[in-house]
Every structure is written in structure tokens, then in C-alpha cells.
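Checked TrEMBL, it gives:
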| type | residues | note |
| --- | --- | --- |
| DOMAIN | A:27-125 | domain 'Cytochrome oxidase subunit II transmembrane region profile' |
| TRANSMEM | A:52-74 | transmembrane segment |
| TRANSMEM | A:94-115 | transmembrane segment |
| DOMAIN | A:131-243 | domain 'Cytochrome oxidase subunit II copper A binding' |
| REGION | A:309-328 | region 'Disordered' |
Amino acid sequence: MNSPPSLYRRAAFRWLLSLVAVSAFTLLSGCDRLPGFLNPGGPIAHAQREHLGFVILMVMIVVLPVLVLTPWLVWRYRYSGQASYRPRWSFSKLIDVLIWGVPVIVVGVLSVVLWQKTIALDPYKPIESDKTPLEVQVIGFDWKWLFIYPDQGVATLGRLILPTDRPVSFTLTSATVMQTFFIPALGSQIDVMNRMVTRLHLIAEREGDFMGRNIQYNGEGFYKQQFTTQTVSQNRFDTYIDQIRTQGHTLDQGAYALLKAQNTWKDVANALSDDPPPPAPMVAFSQVPDGLFHAIARHQPVDWAGLAESSDAASNTSERAIQERNTQ
Amino acid sequence: MTDESSFLLGRLGWDALPFWDMIQNPTRESIINGIIASGAAGMVVLGALAAAALITWYGKWKVLWCDWLTSVDHKKIGIMFIVIALLMLLRAVIEAAFMRAQQAFGLGGGFLSPEHYGQLFTTHGTIMIFFMAMPFLTGLINFVMPLQIGARDLSFPVLNSVSFGLTAAGAALMMISLVLAPFSTGGWTGYPPFTELQANPGPGVDYWIWGVTLSTLSSTFSGINFAVTIYKKRAPGMTLMRMPLFCWTALCTSILMIFGMPPLTVATGLLALDRYLDFHMFTADLGGNMMNYINLFWAFGHPEVYILILPAFGVFSEVFSTFSGKRLYGYTALVIATMAIAVLSFTVWLHHFFTMGQSAHINAVFGIATMLIGIPTGVKIFDWMLTMYRGRVRLTVPMVYAVGFLILFSIGGLSGIILATPSIDYQIHNSLFLVAHFHNMLIPGLLFGMLAGYTYWFSKAFGFQLDARWGYRAAWSWIVGFMLAFFPLYALGLLGMPRRTVAFFDPVYLPWTIAAGLGALIILYAIVCLMAQLWVSIKRRDALATPGGDPWDGRSLEWDTPSPVPEYNFPVLPQVNSHDAFYRQKCDGAPHESPARYEPITIPKNTAMGVIIGVSGTAVGFGLTWHMWWLALAFSAVALVAMIARGFARNTTWTLDAEAIERQQRAWAHQLEQFEPITRQWEQSEANRGVPVPPNEGAIQ
């Protein structure tokens with residue numbers, strides 16, 4: 001008995017889907033260690049990967065006929081062949097409707113999804129969660145990133161420690177030329193510029209070490225401007241922060257001069273002859289001048305005097321106020 | 001050498017020599033990089049000396065000066081543009097091969113220093129865009145467009161020569177920068193504040209600024225020249241909607257040049273003010289804003305993409321129609337699509353910096369605008385496929401490029417739509433995925449188009465065909481080499497590998513970078529094939545000659561002339577009654593109709609303006625780069641005086657008398673009768689003398 005044609009079509013569609021899934025799987029299988037968003041570590045990268053698959057499938061509606069029909073046309077209408085020859089035929093209304101119409105529909109569908117996804121995955125949009133977001137201030141130096149945890153009053157270099165399942169709210173600027181902050185497995189990249197403040201929201205859904213880096217060329221040490229993003233449970237996170245608070249360096253003028261120099265975080269670590277607390281390797285700062293981020297972003301003098309008796313609470317409130325002003 | 005203080009040499013010192021660092025601090029790295037850089041510099045110097053020696057040996061200085069450098073003939077200027085393009089292509093491909101080799105060995109190090117690598121990707125990009133692609137397409141339009149619209153020259157022949165001089169000056173600066181280094185490491189986009197004094201005080205960025213400025217001035221003038229020519233100098237009866245599609249794409253490209261080039265001239269000019277006169281246009285402090293530069297740059301940069309691709313679309317339109325022996329499918333739709341692309345190209349520049357922190361709504365609007373361009377482009381692809389449909393497809397060398405283009409360009413279109421989607425772009429911006437995408441558009445698109453056009457019109461310029469066997473080798477090597485070199489970069493980009501990185505630390509990337517390195521080797525082989533093709537063809541030029549002028553059974557007016565084309569192009573301006581004007585004549589059985597009476601023709605005289613402006617441009621750029629203020633001032637004065645003096649020149653034309661024209665045309669007509677007309681089966685053989693069997697006698701079937 002013949003099955004109805006729609007069943008055939010559905011079967012063919014299912015086969016196509018499984019083909020795509022299998023090839024995607026082979027690409028990813030055994031590749032837990034694959035860097036990048038194809039092996040996502042958070043919902044944003046997940047959504048980006050999904051959207052990529054959707055766009056590829058949609059555009060294939062237009063591209064696949066080109067890939068298949070072009071070789072066929074060359075063969076079918078070859079010079080030595082016997083296919084029909086109509087040298088004056090140069091227009092068909094029906095075909096024209098088709099070749100304009102199909103791309104219009106495809107782009108239409110893509111546009112609707114693009115609009116929704118662009119707004120849903122906007123890096124400036126805070127991530128909805130019942131937990132309060134962790135604030136992290138990121139400062140790009142020449143060939144290293146400084147991560148300040150204003151609520152905790154500490155800072156790190158070379159390693160970004162984040163709790164899982166808790167939104168992270170980044171506030172970013174550059175102390176030098178333009179660069180771009182990027183943790184592919186967690187989500188979007190964002191440019192950082194001197195005298196400007198940009199924002200980024202990410203969340204990690206599993207524990208692990210993820211590659212993070214600068215992806216905008218900024219000179220000789222660009223290729224070394226990488227860091228490890230380590231995602232841990234909230235308890236672990238708190239332990240690490242406590243250890244940094246008790247065992248870290250003070251980010252004083254000497255240390256700051258090291259940061260301003262053109263070098264990598266490993267050079268800074270060597271210069272401080274550091275013995276950092278776990279999770280090494282990194283550079284840990286137990287004390288950060290009040291409003292350091294603000295001072296760098298706005299080209300204002302850094303308040304070194306308050307370093308000794310800095311109180312976390314005071315600095316937090318002032319930072320918050322600045323951030324809110326910036327986002328408006 | 002003292003720095004800064006020298007009046008004569010400015011800040012030029014011994015350390016500008018590429019081997020200086022190697023001698024002063026001999027480490028393994030400095031020696032390897034010094035040898036590579038000195039080898040390149042040596043090739044430039046030796047190449048220039050060898051060229052000068054050969055010209056002297058054959059006593060051709062006078063020919064070079066009178067017949068080429070001072071000529072204002074659009075065909076000769078076009079050919080000279082393409083010579084520059086091919087030379088610069090050779091250099092930039094070699095640079096690309098070094099970069100691919102570096103990344104193939106780049107796990108944790110490689111052999112190039114980061115500084116050297118930075119210069120390589122900056123010169124590669126700058127050369128490929130401004131000194132390969134732009135001269136190639138400008139040269140092709142220069143040569144072909146006036147012939148296709150039935151004109152005798154461009155509207156402003158002297159300006160055309162000046163345009164050439166400016167491009168040559170920029171190219172010369174690029175070559176000089178190999179000998180007296182360094183060049184910029186700021187990428188072909190030159191984003192400040194990295195290119196400002198504070199981060200990069202050396203001469204590198206200044207080389208880049210003046211090279212690019214000369215090139216953009218040249219292209220603006222060319223754009224004006226082409227647009228006016230198309231508006232004003234079409235043959236009688238050649239309405240706009242009867243123009244061959246290549247002329248339409250030339251028109252759209254010219255309009256884009258006129259509006260798209262000045263923003264970059266302004267941007268590099270403002271950057272120069274920052275660097276030379278302590279302005280603060282794009283600095284971080286004192287009120288500067290780098291975003292202004294980035295907007296200006298891409299206000300040029302995006303139209304530029306279509307400046308590059310549209311002429312290639314024009315070439316492919318001619319190629320598909322000619323080698324399918326069939327009318328172009330959907331001419332009107334193709335014209336509309338070309339215009340739509342030209343207009344839309346001004347509305348999408350923001351997609352080059354989705355990640356800069358603007359609101360999601362703005363990103364979404366520009367993302368959708370970008371995808372809209374995919375619609376007319378898709379239509380064009382299908383129009384070319386439908387041109388083959390029910391045709392008689394001859395897989396000649398230009399056609400191999402064209403078919404390769406159709407398939408590969410569609411894949412590039414797919415990756416373009418992916419990058420146009422902001423939420424995905426946040427993952428792959430600045431990665432190798434982006435590099436793969438624009439090479440996917442520019443190699444199968446622009447470069448295949450230019451090489452197809454070069455093969456297609458070569459015999460029109462020189463009177464003999466290019467050897468087909470080496471042509472096929474080159475074309476297939478380009479296609480295979482491109483796929484092997486750039487498809488791995490898509491994967492690397494998705495895996496988060498940045499562009500412009502000298503080395504990497506994740507072994508996952510290694511197999512892909514090795515594959516890409518092999519692809520680069522195949523592309524190098526393709527370049528060798530192109531050189532061999534030229535050599536073999538020149539050797540066999542008598543056997544490959546096509547003096548009949550119509551080797552491909554062509555359809556437009558340029559095939560109505562002898563090959564090579566006489567200086568005046570057409571003895572009398574042709575009367576046009578339809579599309580495919582020359583094909584129509586052949587169908588009516590009356591090609592090359594001789595007029596009742598020949599008229600004398602007025603031809604513009606040679607002028608040294610192009611050479612003067614070119615030499616001055618090089619000297620001014622070089623002087624400014626190295627702070628030799630006297631040199632810059634002196635040659636600015638030379639250029640100014642020359643321009644004013646030119647204004648007083650009165651005797652600027654000469655007249656070719658009617659008898660001479662009649663004699664030449666008679667001789668050609670006589671020659672045509674001697675040749676055996678051939679069917680298309682023999683078009684790439686020595687039997688092809690440029691005289692096809694007429695269509696109604698079965699040229700195709």
C-alpha cells in the first residue's frame with residue numbers, strides 16, 4: 001500500500017533533521033573539551049548555538065538549490081550535449097516570482113526571529129533570577145584583565161572566579177586602547193573602551209574552567225591576553241573569596257604601576273613574587289583602592305590614601321551609584 | 001644616527017633597515033624575522049633594478065614614457081592599473097602564505113614575532129583592498145566600459161592619468177615600507193586609539209595613513225570619471241537600459257566610489273591631524289572619541305564591499321551570457337538588484353560593530369537591513385543559473401571561475417547571514433569565522449571575477465589569447481586552494497579562535513590551522529600557474545593571436561573592434577538598436593559594417609601630469625612619514641605648480657586624419673576575409689583567429 005505523500009515528506013524531514021543532528025553530534029561528541037559556544041556553559045551560549053542552527057537551516061532553503069542545481073545545469077546544458085537550446089529565452093514571470101519570493105519569505109522569517117533573539121540576548125539586559133547578581137568590574141590593561149569584586153572588596157588577575165547559577169553583572173572599561181572581553185562558552189563578547197563603560201550579563205550553569213580572552217587586537221601581547229574563567233558552587237566561591245581576602249596582595253601604587261606596564265598577568269605575578277591562595281595560578285588582591293574602576297574610566301586620580309582603612313560598604317555604594325549613572 | 005633632529009633625513013635612521021635589529025640583538029627570533037624581512041626588501045630592490053636593467057637593455061625607456069606612462073588612452077591606463085594589481089596580488093599572497101605557515105606552526109609560538117605578524121596582516125589587508133582589488137576593478141572598468149558603451153575615451157582622460165598616478169604612488173609607498181620599515185600593526189581598519197601617537201608613535205601608522213589616503217583620492221576621481229562617462233558618452237541609441245550589465249555595475253560602483261571614498265579620506269586626514277598637529281579627534285582624552293572614526297571608517301567600509309563586488313558581478317553577467325550562448329536571464333531584474341544593493345549598502349555599516357554596546361534595537365534594525373541585501377544578491381545568483389538553463393554551456397577558463405563563484409559565493413552568503421544576526425555575531429565577531437566569511441566573498445566573488453575578466457578580455461588588449469591549459473590549472477587550484485585554506489577558518493572561528501593572533505595555546509586548533517596552511521600552498525601554486533600562463537602565452541603569442549577581435553562569439557560592442565583595439569576605438573561611433581548590440585549585428589549578417597565616409601578623429605595628447613602627481617604623491621607621503629618636512633613641502637609645491645601650469649595648456653589634442661583611419665580599417669577588413677570562421681568547439685585552440693561562424697550558420701549548435 002502507498003502511504004500518503006505527506007508521510008513521505010515527514011519521514012524525509014525527520015531523516016534530514018537526524019542527519020543534521022548526527023553530524024552536529026559527531027562534531028561535538030567526545031569534545032567536552034571543545035572551546036567555544038558549541039559546547040556551552042550557560043544558557044546564553046546555548047541560545048546562541050540554537051539560533052545558529054536555525055539560521056543555517058533557514059538559509060539552506062535558498063543555498064541548497066544553488067549547490068545542487070549549478071553542477072546539474074553545467075552538465076545538462078553542456079556544449080556537446082543534446083539538451084534543448086533556447087538562446088533568446090530570457091524571462092519567466094513565474095520563475096521570477098519564485099526567485100524573489102522565496103528569499104523574501106526566508107529573510108522575513110529570519111528577521112522576526114532576529115528581532116526577538118537580539119532583544120532577548122542583549123548583553124545589557126540583566127538576567128532574570130531569584131538570586132542577586134554578582135557584581136564584577138572588568139578593567140582591560142595592555143595584555144591582561146583585572147577583575148574587581150566590589151561587594152567583596154577584592155580583585156584578581158588571570159583568573160575569573162564565578163559562582164554557578166547566579167547571574168553575573170559585568171561593568172567594563174579599558175585603561176588603554178580598545179579591546180574586547182569575551183568568554184565564548186558563557187556568552188556574548190563586549191568591547192571595552194577608555195573613558196567609556198560598557199555592560200555585560202552572563203550566567204554559568206555548570207562548574208568548569210572556560211577560556212576567556214581579549215578578541216580585539218591591541219598589540220604584541222594580544223595573543224597572550226587570556227584568562228581562565230572558573231565556575232564553582234556558591235560555597236566554594238565564598239571560601240575562595242575569604243582566602244583571597246586574607247592571603248592576597250594590596251593593590252597599591254607599586255602593583256598598579258605593574259598593571260599599567262605592557263605585560264601579561266604572568267609577568268605581574270612574577271614581579272610580585274606571588275604565592276597566591278588557591279585556586280592558583282592567578283594574582284589575588286585583598287585590597288583595592290576605593291573607586292579604582294571609576295577613576296580609570298573617568299581619568300580621575302586614584303584615591304591611594306584610603307587604601308589602609310578602606311571599608312567595603314562605603315566603596316560599594318559609591319560604585320553602584322556610578323554604574324547606575326552609566327547605564328542610563 | 002641621531003633621531004628626530006636630522007633636517008635632511010627626519011627620523012629615518014639605520015634602524016629602519018629590516019636587518020638592523022638582527023645585527024644589533026641577534027636572538028633566534030630576531031634572526032629569523034630579520035632574514036624574512038630582508039628577503040622581502042631584497043626582492044623589492046632587486047626587482048626594481050632588474051626591471052630597470054631590462055628596460056635599458058632592450059632600449060625601451062622611450063616606449064615606456066611615450067606609449068605608457070604619459071598616455072591618456074583609457075585602455076593603456078586600464079592595463080597599467082591591472083599590472084599594479086597583479087604585482088600587488090603577488091606580494092600580498094606571499095604574505096598570506098607566511099601568515100598561514102605561522103599559524104600552522106603557531107601552537108604556543110611559531111617562527112614569526114608578534115610585531116612582524118602584526119605588520120603582515122596589516123599590509124596584507126591594506127594591499128589586497130586598496131592596491132589589488134581597487135586597481136584591478138578600476139583597470140577593468142577603464143579598459144572595458146568605454147568600449148562597451150561605444151565611446152572613444154573617458155570624459156576626463158587627464159584626470160584618469162592622475163588617478164593612476166595616485167594609486168601608483170600609494171603602491172610605491174607600500175613597497176618602500178618593505179625596505180625602510182616598519183609598517184603599521186593596526187590592521188587594515190586602523191582603529192584608534194591604537195593608531196594614535198600614544199600607543200604607536202613610530203612611522204608605521206603614517207605609512208598606512210598616506211598609502212590609504214592616496215588610494216582613496218585616486219578612487220574618488222576614478223568614480224567621478226566613470227560616472228560622467230557613462231552618463232555623457234554613450235554611443236547613439238545606447239540607452240541606459242541597453243547597456244551591457246558590466247556597465248551598469250560600473251555605474252553603481254562609481255556612484256559608491258563618489259560617496260563612499262571621501263569618508264575614509266576624511267577619517268585618515270583627521271587621524272593625521274591627531275598624529276601631526278596634536279588634535280584630539282579620536283584620542284581617549286580631551287574630548288576625542290574613537291567611535292567617530294569607526295563610524296566614518298565603515299561609512300566608507302561597507303559601500304567599499306559593494307564597490308569591490310559589483311564589477312565582479314558585471315563580469316560574471318557577461319561571462320555567463322557569452323559562454324552559455326544565450327541572452328542574460330532577467331536583465332531588468334539584474335539592473336534593479338544591482339541598484340538595490342548599491343543603495344542598501346549605505347544603510348548597514350553598523351553591523352561591523354554590533355559588539356560596541358549600543359542598544360539591542362539598533363543592532364536588530366541594522367541586522368535586518370543587512371539581511372535584506374541578501375535578497376537581491378540571491379536573485380542575481382538565480383539569474384545567472386537561469387542564464388545557463390537552456391543554453392549551450394562551454395566550460396572555458398572564465399566559466400570555471402564563474403561556476404566556482406556561484407557555488408562558493410552562496411556559502412559565503414550563508415555565513416554572511418549568520419554574521420548579520422547580532423545575537424550570533426556576539427559569538428563570532430573578531431574571530432576567524434569573520435576572516436573566513438570576507439575571504440569567502442572576496443576570493444570567489446571579487447578575485448574570481450577579476451581573473452575571469454582578465455582571461456576574457458586579455459585578447460582584446462593584446463591581440464592574443466591566454467593559454468588555456470595553464471588557465472585551467474590556475475582556476476582549479478584557486479577553487480581547491482580557497483576551500484582548503486578558508487573552510488577550516490569557519491570551524492576555528494566557531495571554536496573561539498580570534499583573528500590577528502600570532503599564536504595560540506589550545507591544541508584543538510592545530511589540525512585546522514595545518515589544513516589551512518596546505519590550502520595556502522595550493523593558492524601559491526595557483527599564482528605560479530597564473531605567471532606560467534602569462535609567460536607561455538607571450539611565448540606563443542603568434543599561435544594564439546586573435547586579430548579578428550571576436551574570439552568568444554561576443555555580444556557587446558567591444559568585440560566589434562580589432563584586437564588589439566586602435567587608439568580611437570571605433571572609426572565611427574556605432575549606432576545601437578538593442579541589447580547585445582554586436583550579437584544583433586552578427587545575427588543580421590552584417591558585422592563590422594564600414595561607413596560611407598570616414599571622419600578625422602580628435603584625440604587627447606599625452607601628458608606628464610599623471611607621472612608628476614604620482615612622483616609628488618610618493619615623495620610627499622614618504623616625507624610626511626619620516627618627518628622630512630623639506631621633502632613634503634618641496635613636492636607639494638611641485639604638484640601645485642604642475643596643476644596650475646596644466647590650466648594654461650591650450651594645445652591638448654591632436655587629430656588623426658580620415659585617410660589613416662580608412663587605411664587601418666581596410667587592412668583589418670582584408671585580414672578578416674583571410675581567416676577561417678570557427679565554431680565554438682575550437683574557441684580555446686589555435687584555430688581561433690577571432691572570427692566566429694555567424695549565429696545563424698550554427699556557431700553554437
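Note: Cβ is positioned from N, Cα and C throughout, glycine not excepted.
TrEMBL annotations: computationally assigned, not manually curated.
Could you place these features in context, so I can see how deep they sit and what lies close by?
Taking H, G and I as helix, E and B as strand and the rest as coil, DSSP gives the domain 'Cytochrome oxidase subunit II transmembrane region profile' (A:27-125) the counts 64 helix, 1 strand, 34 coil.
Within the chain carrying the transmembrane segment (A:94-115), a Cβ under 8 angstroms from the stretch's Cβ atoms is held by residues 51, 54-55, 58-59, 61-62, all 6 or more beyond its ends.
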Could you give the number of helix, strand and coil residues in the domain 'Cytochrome oxidase subunit II copper A binding' (A:131-243) as assigned by DSSP?
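Its residues divide into 15 helix, 57 strand, 41 coil.
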I'm checking region-level scores; what's the whole-number mean pLDDT for the domain 'Cytochrome oxidase subunit II copper A binding' (A:131-243)?
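That stretch averages a pLDDT of 96.
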